[in-house]
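A short worksheet on the structure shown next.
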Amino acid sequence: LFLAVCAVGIGGTFQYGYNVSIINSPTQHIHKFLNETWTSRYQKELNPDLLTFLWSVIASIFSLGGLCGALIGGSMAIRLGRKGALLMNNIIAILASILMGISFPTGLFELLIAGRFLIGINSGIGFCVQPLYIGEVAPKHLRGGLAMGTSIFLTGGILTGQIIGLRQEMLFFSPVLELLGGEKHWPLLLSSSCVPALAQLLFLPWFPESPRYLLIDRGDELSCAKALKRFHGSSEYRREMEDIQRECFALDGEKPKKPWQLFTDRGVRWQLITVIVMTMGQQLSGINAIYFYATYVFEQAGILAEKIPYVTLGTGVCECLTALSCGLLIDRVGRRYLIIGGYLLMTLWCTVLTFSLTYQELYSWVPYLSMTCVFAFILSFGLGPGGITNTLTAELFVQSSRPAASMIAGTVSWISFFTIGMIFPFIVNGLKQYCFVVFLLECFFVAAFIFLIIPETKNKSFLEIKKEFHKLNFGRSA
């Protein structure tokens, strides 16, 4: 099971985190490439406003691709299977890598835009399908920890992108060399997305398809039994087989639903509302504001400008470690305690950070308090909403509704990601450090919603979780 999670994660959410991260390092080199290409093509300088627009397109079209990927990810998971959808998704990543890699030698920045769009589609599909596969192959007593593989590989991708994109002196070589963040190597950096894709194409075929998909969607009981034996062993697979058969019997041949059908289905009303609130809450929680202010906070704490990228790397390490910690705790502590605790702690750190940024010049120790708040917020996010949101999305629905719910969650996530990217600069410019008041209110609201609505899902089957929500959807007397 652990190896299956690794094989799925390397070409799934790892790609998402990696491609979000690596675009930041070669910003200046891509600007230079755009200027040189435009000058050689049209024999005139590129207008600064147009340069800003082209760079914005290159950076943001990834989100548009992710949205498109989320919209088709569920359908691919139904038609091709969870494993088949992930394998096919790697073809998109390899094509994107080729386009981004040849954009510089061919002098066509349009290929760079197309490549970023395609890798966005790849990330959207992976972000949608990977939690489905992991949630369906894991036994209920390990489901939380294994489902955290989604967040662990996402944060691992971000950290890997930060490390590879560093421009640093490697003192043990002469002359001074750079990692892939250097001017000559940025096309290789962007096209390196093909490495995780090739790794998944190499390793994932050795693992079975999702047993639930095989029995409930395909009606192939023999293949389901073989897959369960591979995952759980010959002595333990019968218990999982009985659980899947109970769910199959309860669904009574119900076909996979379309996303729009969930909005009119009273039986999943509160599950759907929960997923939308949690997904929006995760993206709008203020984590982007924390990263925006991180450089300023580190500067005020007296860290040299050339050392700040390495301190920022520490925030990536923090996220990765908290995702791992959450994976170890989730099946012991439970989902509710971790996600509610995470949001309440984030509310606290937003409050403290608002005051510390306001009185930054008053006392010499205040900048260090701000720096502590930055790391504490990231730790709280990783232990709570950063990891548990995707786990709960896969747990709250039965087989017929899960792919459609995953599509809706992915769509909301990408729209929220794009929206916060568009309005965040205006929020910061208008409110300055008081922008964290908005985020602390949002964190408190989401914590209150989860406390009042979401039951604990630890060690419960999908049918048992459905029964818990049945009371909310149809009233206590139902």
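The backbone N, Cα and C atoms fix where each Cβ goes, and this holds for glycine too.
Listed in TrEMBL for this protein:
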- 5-458: domain 'Major facilitator superfamily (MFS) profile' (DOMAIN)
- 53-73: transmembrane segment (TRANSMEM)
- 85-105: transmembrane segment (TRANSMEM)
- 111-134: transmembrane segment (TRANSMEM)
- 146-166: transmembrane segment (TRANSMEM)
- 186-207: transmembrane segment (TRANSMEM)
- 272-296: transmembrane segment (TRANSMEM)
- 308-330: transmembrane segment (TRANSMEM)
- 337-359: transmembrane segment (TRANSMEM)
- 365-383: transmembrane segment (TRANSMEM)
- 404-428: transmembrane segment (TRANSMEM)
- 434-454: transmembrane segment (TRANSMEM)
Review point. Are the transmembrane segment (186-207) and the transmembrane segment (111-134) close, by which I mean at least 3 Cβ pairs under 8 Å that are 6+ residues apart in sequence?
Key: yes
Practice item. Might you confirm whether the transmembrane segment (365-383) is in contact with the transmembrane segment (111-134), defined here as three or more C-beta pairs under 8 A between residues 6 or more apart in sequence? Key: no
**Study point:** Beyond the flanks of the transmembrane segment (272-296) by 6 or more, those residues with Cβ under 8 Å of it
**Key:** 262-263, 308, 312, 315, 339, 343, 346, 350, 353, 357, 374, 377-378, 381, 385-386, 389, 392-393, 396, 405, 408-409, 412-413, 416-417, 420-421, 424, 427-428, 433, 435-436, 438-440, 442-443, 445-446, 449-450, 453-454
**Study point:** Stretch in 146-166, 308-330, 337-359, 365-383, 404-428 most in contact with the transmembrane segment (434-454), if contact is a CB pair under 8 A
**Key:** 337-359
Point to revise | Recorded stretch, among 85-105, 146-166, 337-359, maximising Cβ pairs under 8 Å relative to the transmembrane segment (308-330) | key: 146-166
Review point. Which sequence positions outside the transmembrane segment (85-105), separated from its termini by at least 6 residues, show Cβ-Cβ distances below 8 Å to it?
Key: 8, 11-12, 15, 33, 73, 76-77, 79, 111-112, 114-119, 121-122, 125-126, 129-130, 133, 186-188, 190-194, 196-198, 200-201, 204-205
Exercise for review: Report the mean pLDDT of the predicted model across the domain 'Major facilitator superfamily (MFS) profile' (5-458), rounded to a whole number.
Suggested key: 85
